[in-house]
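Data first, discussion second: the structure below is written as structure tokens.
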Amino acid sequence: MKQVVIATKNRGKAKDFEALFTPLGYEVVTMFDVAPDMEIEETGTTFEENAVLKAETLSKALGTIVIADDSGLAVDALDGAPGVYSARYAGDHDDEANIVKVLENLKGVPEEERTARFMCALAIAGPELETTTVFGSCEGVILEEKRGTNGFGYDPIFFVPELNRAMAELSPEEKGAISHRGNAIRKLADLLPTLLH
Ligand SMILES: O=c1[nH]c(=O)c2ncn([C@@H]3O[C@H](COP(=O)(O)OP(=O)(O)OP(=O)(O)O)[C@@H](O)[C@H]3O)c2[nH]1
Ligand SMILES: [Mg+2]
């Protein structure tokens, strides 16, 4: 089976990638499989910088083509926070604490001002390949309490108006069809024939 290597240690992201790549005939391989002891420090100040950093670091270490995802939630009423710091907003990769902090900071903010978007930068790097980045986003509204148990991160408090459901109430396939990550992956898929020629 063809493999696609993703420079991630986030199992939620890995599941999102599997929902999108398995139907295309690819097996998704993550850092848990190929570089479990490697830590890549995210020193960038933008999604793009961090995605490039992760893709190029793992690609150089393995000598293969690697895709990396840097993503997050931008809430308008919080001036775009948590943004690039989404994974470490309240505690390091503590999804529950991160959700509590967003809800706390939005207390009293009315629904029409709770607009937000998920953003995703995907970078692809490889030997003999010019590193390339694509972007995807997904518009939503921050709920006042959690709904649903699917997905990861902020999915339970992210309401998707076009589907009238929280992101965590969607199946992996439904999420992939509308998500920031799904939108970015489709753009990358369109570019692959030219990139790999
Ligand atoms: O509810 C969510 N649904 C999503 O679809 C989603 N995508 C991103 N996020 C948030 O943004 C951080 C990314 O930070 P991030 O790109 O550095 O990834 P990460 O540190 O979790 O893993 P890695 O890929 O770097 O190993 C994540 O941890 C989450 O908090 C999401 N939340
Ligand atoms: Mg990270």
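Positions of Cβ are set from backbone N, Cα and C atoms, glycine also.
Predicted automatically and left uncurated, TrEMBL annotations should be read as such.
When the candidates SER59, SER71 are compared with the substrate site entry in TrEMBL, which names THR8, LYS9, ASN10, ARG11, GLY12, LYS13, PHE152, GLY153, TYR154, ASP155, LYS175, HIS180, ARG181, the shared residue is SER71. Look at SER71 (substrate binding site): DSSP puts it in a strand. In this structure, the binding-site residues THR8, ASN10, SER71 were compared by how many other Cβ atoms lie within 10 Å of their Cβ, and the smallest count belongs to ASN10. Contacts of HIS180 (substrate binding site) defined by a Cβ separation under 8 A and a same-chain sequence distance of 6+ are given as SER71, ARG117, PHE118, MET119, CYS120, GLY136, SER137, CYS138, in order along the sequence. The binding-site residues under consideration are GLY12, GLY153. Their Cβ neighbour counts within 10 Å are lowest for GLY12. Note on the binding-site residues GLU41, ASP70: the fewest other CB atoms within 10 A surround the CB of GLU41.
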